[in-house]
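Here's the structure, in structure tokens; my notes come after.
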Amino acid sequence: MNEDLASRHLNLIQDQRPAVHCLTNTVVQSLTANMLLAVGAIPSMSSDISEVADFTARSQALLVNIGTLDPLRKNAIQAAITSAQENNIPWILDPVLIDRAPVRLAYAQELIKREPAVIRGNAGEISALGSDPKSLARDNRSIVAVTGATDFVTDGNRESTLHVGHELMSRVTGIGCAGTAVLSAFCAVTDTAGHFDAVVAGLHTLGKTGENAARKASGPGAFAATILDEIYFTSQSSSTERPLT
Ligand SMILES: Nc1ncnc2c1ncn2[C@@H]1O[C@H](COP(=O)(O)OP(=O)(O)OP(=O)(O)O)[C@@H](O)[C@H]1O
Ligand SMILES: Cc1ncsc1CCO
Ligand SMILES: [Mg+2]
């Protein structure tokens, strides 16, 4: 069933080629842009305050990842979220490492008041936010995704647990961050009511491609390249299986 959901969303991405504007950390820029291209989306990464609102307005989703912050990037994040909200574009938050510094946690909590469509973090990050994932989702009208050896998705009412992926995914920096960008592409092709399914479909796709890549790669270096290939293969085979209507 998640397989069908994934396939349907991959087809929509192939058809629509959504633009995803990414305000993300300096560690994962290239992997993130490449993952989006591999899945069929179109990335942009500028954080210049003079253009970030326009880039966001011309995108179908906005990714905000707070992995490396500075004052200019924080200004860009505020402007981009404002633009996303004015233009009815979903914005997706990756609250990287908020369990490591109280100032960063407080900043993430301020951002969450602006009601991201999706919050995706690992277990430590989500638990640092202080409420269980269901309450967090309900209180902020967001989808919450908690990733790790198993993934959990909730909108505050529904929930889905996914047993996909491979340990090698945690041995390459930024698979989570780039994965949140992939979830943004899945949300870009659905309306708000579809975001729960989009996140489940996106995590299923990511997990399965991680499993496929792990079968071929002998270690983290090859895995990082192979997971890009596998996302591309998955998106291509999904579009050739599309029924003729
Ligand atoms: N041990 C594991 N087994 C299976 N899948 C895993 C495992 N660890 C991580 N994953 C998968 O890897 C992806 C990234 O999740 P993870 O929770 O590691 O992100 P993260 O900690 O935010 O990573 P990063 O900050 O490096 O980007 C998720 O899709 C998750 O399902
Ligand atoms: C290692 C690291 N530090 C800040 S962001 C980042 C990438 C993985 O989250
Ligand atoms: Mg992370």
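Placement of Cβ uses the backbone N, Cα and C atoms for every residue, glycine included.
Record features, source TrEMBL:
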type: BINDING; residues: MET45, GLY174; note: substrate binding site
type: BINDING; residues: ARG120, THR147; note: ATP binding site
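Shown on the structure are the features that TrEMBL records.
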| residue | record | Cβ contacts under 8 Å, 6 or more apart |
| --- | --- | --- |
| MET45 | substrate binding site | HIS21, CYS22, LEU23, THR24, GLN29, THR32, ALA33 |
| ARG120 | ATP binding site | ILE92, LEU93, ASP94, VAL144, ALA145, THR147, GLY176, GLY179, THR180, LEU183, VAL199 |
| GLY174 | substrate binding site | VAL27, VAL28, LEU31, THR32 |
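Filtering MET45, ARG120, THR147, GLY174 by Cβ distance to ligand 1 (under 6 A) retains the following binding-site residues: THR147, GLY174.
Checking the binding-site residues MET45, ARG120, THR147, GLY174 against ligand 2, the ones with a C-beta less than 6 Å from an atom of that molecule are GLY174.
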